[in-house]
Amino acid sequence: MDAPERLMPREKMLKSGIGSLTDVELLALFLRTGVPGKDVMALAHETLQRSGSLYGLLSADFAQFRGTGIGIAKYAQLKGIAELARRYYKARMMKENALLSPEMTREFLQSQLTGEEREIFLVIFLDARHRVIKHSRLFSGTLNHVEVHPREIIREAIKLNASAVILAHNHPSGCAEPSKADKLITERVVKCCQFMDIRVLDHLVIGRGEYVSFAERGWI
């Protein structure tokens with residue numbers, strides 16, 4: 001069932017720009033129509049409430065959509081949007097050959113690690129001017145653990161002639177707070193890199209709609 005025109009966010013977007021839309025309005029714009037007994041704004045609001053956030057929505061599996069009125073076609077489109085965002089940030093980083101700000105770094109890492117069901121440890125390798133040489137998913141693990149080998153990071157950095165690295169991994173559980181093991185492995189990597197005159201600029205832990213930066217907390 002279509003929402004009345006006054007409820008559609010399309011006019012608001014055309015008048016004030018896409019950035020003026022709330023998360024609910026943006027989702028309603030994507031959904032276009034509601035379902036019997038529920039207009040599109042109500043459907044969008046309920047769907048976001050169930051998933052907790054846009055992050056939760058885009059990383060959810062299809063089982064979580066059952067009973068919402070969103071079918072397999074819309075689910076596939078949502079997953080496509082998430083993948084487009086991931087590839088956009090990757091293409092942007094590779095084109096500009098740089099991460100120009102902490103915010104851009106965070107957004108890129110969130111786009112790469114959001115929705116992963118296992119812990120992934122990713123490393124960004126940078127040259128002496130902090131331009132991106134390459135980023136690699138060096139290690140993958142289980143739901144709550146990933147085995148990290150500092151020597152593999154060093155080997156790749158030397159091969160690429162990197163002067164600095166940024167570390168990142170995700171917590172599929174959603175909580176970005178670093179564990180004791182996260183802190184210990186970061187210390188090990190930092191010490192190994194210092195020995196080879198390679199700087200560790202940061203280690204970001206990506207959770208569900210949140211993150212923790214070791215550099216921002218003064219741990220690096």
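Any Cβ shown, glycine's included, is placed from N, Cα and C.
As recorded in Swiss-Prot, the features of this protein are as follows:
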- 98-220: domain 'MPN' (DOMAIN)
- His169, His171, Asp182: Zn(2+) binding site (BINDING)
- 169-182: motif 'JAMM motif' (MOTIF)
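Under DSSP, the residues of the domain 'MPN' (98-220) split into helix, strand and coil as follows: 39 helix, 36 strand, 48 coil. On the 0 to 100 pLDDT scale, the model's mean across the motif 'JAMM motif' (169-182) is 94. Apart from His169, His171, Asp182, the Zn(2+) site neighbourhood in this chain, defined by C-beta within 8 angstroms of the site C-beta centre, holds Glu119, Phe121, Val146, Asn170, Ala176, Pro178, Ser179, Val205, Ile206. For the binding-site residues His169, His171, Asp182, the ranking by surrounding Cβ atoms (within 10 Å, all protein chains) places His169 first.
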